[in-house]
Amino acid sequence: MEQTFSLDIEHEFVQNSERVKSVDLHPTEPWVLVGLYSGSISIWNYQTKTEEKSFKLSESPVRSAKFIARENWVIAASDDKFIRVYNYETAEKISEFEEHTDYIRSLAVHPFLPYVVSASDDKLIKLWDWKKGWACLKTFEGHSHYVMSVAFNPKDPSTFASASLDETLKIWSVDSSAPILTLDGHLKGVNCADYFTSNDKEYLISGSDDYTTKLWDYHSRSCVETLEGHGNNVTAVCSHPELPIIITASEDSTVKIWDNVTYRLQTTLNFDLERIWSIGYKKGSSQVAFGCDKGFVIAKINIQAVKQD
């Protein structure tokens, strides 16, 4: 069945800043958490267009920062190999710890258990439990190059996916340090991965330095579609939880929006903020955040169904 719809993209908030490597939207407040290459994180209110909080973590780039809203925390990882946790209400530092031996590229927060996974250039993924004093419960080994991205499966959060510059994706269980399966098909390193569901089937999406985005049926371990069109590395991908679209971002300075059923390109956006590094979204909202070399954008994506004759 073919979907037909038109897109209306509203730029609600555009803020120039230093290079933004990470964006995350708070699930209930009108806040975006921004991780900066300069070593800081900040929380902006995108309704009032003001910066509410800022934390200087280190002199090293922050490549991933996430809200842990149920604890009123933010967690951030930087190139000094430390993970730091702050209470965003009191500004108190909750914890800081160093376990990885190289840059930390990505953090993912479990939807309900007290778990965070981290991915690093040391080729390892680690699982942390904040109810146990941020103990490292498990180390996941199997990638042969930098691990660029991790994402929990929202349908089965006892599993998560990772993307690596070894050109593969892997799926893991939190209970085992060896991967469940490996997906191989990109021609260069893989930068990012996200889960999505279409017609009650679960898929993975990945973005690569081969300039493509691939969609994977990981149950059959097969690539079902390749999205081509970016002119440089694909840095971030997402399947929007509320909208029938896939969003891809690239070092070619564009965002592309694709129909998540027909996989046709719907539109290409350029915010004039140079390379795009990160996409943030949340359930129950059509707002999307983008982190770029020259700042960040909050956009609202409105979709209208088009009647067919």
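Glycine residues also receive a Cβ, built from the backbone N, Cα and C atoms like all the rest.
Residue counts for the repeat 'WD' (13-54) under DSSP, split into helix (H, G, I), strand (E, B) and coil, are 0 helix, 27 strand, 15 coil. The repeat 'WD' annotation in TrEMBL covers 13-54 (among others).
Residues or ranges marked as repeat 'WD' in TrEMBL: 97-129 (among others). When Cβ-Cβ distances below 8 Å are used as the criterion, the repeat 'WD' (97-129) is approached by residues 63-68, 75-83, 135-141, 143-152, 154, 157, 160, 162, 164, 172, 174 of the same chain, each at least six residues removed from its ends.
Long-range contacts of the repeat 'WD' (140-182) within the same chain, counting only residues at least 6 positions beyond its ends with a Cβ under 8 Å from a Cβ of the stretch, are 102-103, 105-113, 115, 117-121, 123-127, 188-195, 197, 202, 204, 206-209, 216, 218, 221, 241. Per TrEMBL, the feature repeat 'WD' maps to 140-182 (among others).
What TrEMBL lists as repeat 'WD' is 183-226 (among others). Across the repeat 'WD' (183-226), mean pLDDT in this model comes to 95.
Broken down with DSSP, the repeat 'WD' (227-259) shows 0 helix, 18 strand, 15 coil. Feature annotation from TrEMBL assigns repeat 'WD' to 227-259 (among others).
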